[in-house]
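As recorded in TrEMBL, the features of this protein are as follows:
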| type | residues | note |
| --- | --- | --- |
| BINDING | Gly614, Pro615, Asn616, Met617, Ala618, Gly619, Lys620, Ser621 | ATP binding site |
| DOMAIN | 688-704 | domain 'DNA mismatch repair proteins mutS family' |
Amino acid sequence: MAKYTPMIQQYLEIKAQVPDAFLFFRLGDFYEMFFDDAKLAAQELEITLTSREGGGNDRIPMCGVPYHSAESYVQRLIERGYKVAICEQVENPATAKGVVKREIVRIITPGTVMDEQMLEESENNFLVALFTQPNRAAVASVDLSTGELHVTETQFDIATLIDEIESFHPKEVVIYDTLEAKHPVIEALRTHVGCLITPVSYIDIDHQLLATQFPRYQEICNTRPLQEVLQLLYGYLQQTQKRFLNHLGRLSRYDRRQHMVIDESAKRNLELQRTLHEGKKKGSLLWLLDRTSTAMGSRMLKRWLERPLLSLEKIQTRLSIVAAFVDDIIFLDEITSSLKEIYDLERLAARVAYGSATARDLAAISRSLERIPKLKQMLLDHPASMVQQLGHMIDPCEEIYKLITNAIVDDPPLSVKEGDIIQQGYHAELDQLRNIQKNGKDWIAQLQQQERELTGIKSLKVGYNRVFGYYIEVTKSNLRHLPEGRYIRKQTLANAERFITPELKEQEQMILNASERSVEMEYEIFTSIRDEIGQQVHQLQHLAERMAALDCFQSLATVAHQQHYVCPTVTEGNDMLIQTGRHPVVEAVVDQYEFVANDIELNPHDRQILLITGPNMAGKSTYMRQVALINIMAQIGSFVPAEKATLSIVDRIFTRIGAADDLVGGRSTFMVEMAETCRALKEATPRSLILLDEVGRGTSTYDGMALAHAIVEYIHDHVRAKTLFSTHYHELTALEETLPRLFNIHAECAEQDGKVVFLHRMLPGGADQSYGIHVAELAGLPAPVVKRAKLLLQELEGQTEVAATTSADVSLPDQISLFQTKLFEQEQVREAPISSVEREVLEQIERWEVMNQTPLETMQQVVKWKQILQKRLTTK
């Protein structure tokens, strides 16, 4: 091994501690990187790669970033999924003997970000730990930036685990390295979660330490999987953060069965937080409902949507509070305005306890706390008891408020190490040092006038610079007026000389010493104040939680008022009756008065299953989605878009809507469809809601019809869940005669001048015909193809024997071209039997989901159909 210099040797020893992270090695005013770190960092950060001598055989690759702007560079690496270890100088270089001592003070990973500029304001930043056994598994999640910490235990089931982990949208998942890379759980994480996966060696932590950190540890973590997963998570945090994490004391355990379960597929299909095709918040249910005034309120509302309530009592409590707000719009406006003046107390409190809060952070806490008493009183004065109870639950944190207002100036600077942050009068010794500075500067100001009078030099001036300190400056033309022996020459300039006097030097020393000491003292005072508040962090966190919930209530009330929603009646029964229900997002995007509302009735007696027929674009998918969204809204405590709604509690929602393949997982559209349907059939209960849209379309007509038929029967006879089942297989409407709890409805359409008009109304009974070719015409298929398809459809409808039509494969005459005009004359088509190729194209046209495809995809498919038909004719 090459003999490196002591500094490079120190770097290599420290780098060995973090082989999976970039090491930001502090050298003066820069963080430097060396060797492979430097090469990769230069590439990722687009900075200059250079080199230096380091005692080895070759020059050492090197790059660096200024320490004062390092956060932006760290952020770019974190966003790319890397880790960054911050290595600081932990002794004064001026007094160090030999190489300055350095240590890693923190390892920043995607799941442990604390810096404000690296976080999305309204998004959590979760780190998830996973511990598995052959039959059991536990999941722990933490947002270091807010202090949230949750644990749960479940049976070992990969689909369930992935759903649970995905629900947190984690930035990083930590696991024990005993899990092999090819383990099904690891592969599922890579495929579905898509974040950084960090394997670590076994971490052994004393359970007494955990009991000290988490007061309810023994009560909550009463099984081995829960103990192990918390030990893994907390141990990893200790390894990376290297400090006591006081703000993580609020450990909570939850059971996924305590909330409505909505798997990730259903969340995507229902567009709860992101739109299906563009992945944007705008156009989702969260976008519509999020009228929060604070970042912590926005994050909480998102969590409410992730886990709607199953407790009737809790649902009714939320609805009662929202109703009280809706009924008093002036009160609602006042609450909303007050909340807008409150900062993100949740993250501010976390930074205080973490030790990274600035004086500006404390000032923001103070300004927020200043608004709390008035807000609390507004709630207490409200006539509704539920609202009054909210007021009683608020602790204004008066002691914290007094401490900050007495100690910290109103508008402190960004840096906490340059002074001017502590109030005058707060600390006697600091005031004394400040007086020395002030009096010294006053003395110096008087010195200038005194020396002018003494020497008679009116241009004489007293100045200061960091190199020479205070000085007396005299122009060369006036040097003859200076008294002998009084001035000591310090610096010669082109047109002047600078001098000092013993008295000036003495006063300078007093001023500079006082200035330096006061800055140091201010920082010491500030950190002691921050530490004192950190000891009370749970009070701030509790208040932040109350403010976030209040913000959610005002947000739901604001939307309810603006969109003319009604308060749903939620019961313990199993009936669903929605009168003139509307899709909340669609009506907000189009126009509330243009949206066609529809009723829905589901019950376990004669309407367990609604079989929905009708063409694409007639509103079937919108209708199905709005039923699910209305139930979700009610169970988070929101009013709903309807004239009246009586709902029962839904324990789980399953969806199979839209066409989507799984390219990464190697699954076709049909395979994905069957997998999602299978999960619904296995896991749904009579209290679940199932939405199945066009099941069976991904295979041949008769396979698909047979599967759809069997699935409907199984749900009816065995699962007994409330179900909306849309289909193009009109033959299935006959099931109403044999399945007593199945009821047919259809999307109403009309024909005008040979064109189809979608009325978007859902009416009893099955659809009497298909409009697939009309939809294809609306999509812009070439007129000859549409005309040919219509004539071929007449041929199919004229044949009564299915077997005959499926076995026939008679070719068209050689001389006939697809686009010859005479082919489109009805009498000639009747004389020309269609081929199996033509029949398959026709079936594809009828099955084509226009609303689930982009215009480009539709046009590309039209080209394929054209090529198939042309090839068929040219091979004759």
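Each residue's number is its place along the chain shown, starting with 1.
Each Cβ is built from the backbone N, Cα and C atoms, and glycine gets one as well.
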Residue distribution over DSSP helix, strand and coil in the domain 'DNA mismatch repair proteins mutS family' (688-704)
4 helix, 5 strand, 8 coil
With the cut-off at Cβ under 8 Å and a gap of six or more residues from its ends, the chain residues touching the domain 'DNA mismatch repair proteins mutS family' (688-704) are 269, 620-621, 624-625, 627-628, 631, 650-659, 668-670, 673, 677, 680, 711, 715, 719, 721-729, 806, 843, 847, 849
Binding-site residues (Met617, Ala618), the one with most neighbouring Cβ atoms at 10 Å:
Ala618
Could you work out which of the binding-site residues (Asn616, Ser621) has its C-beta surrounded by the smallest number of other C-beta atoms within 10 A?
Ser621
Counting other Cβ atoms within 10 Å of each Cβ, which of the binding-site residues Gly614, Pro615 scores lowest?
Pro615
The mean pLDDT across the domain 'DNA mismatch repair proteins mutS family' (688-704) is 82
Three states by DSSP: which one describes Ser621 (ATP binding site)?
helix
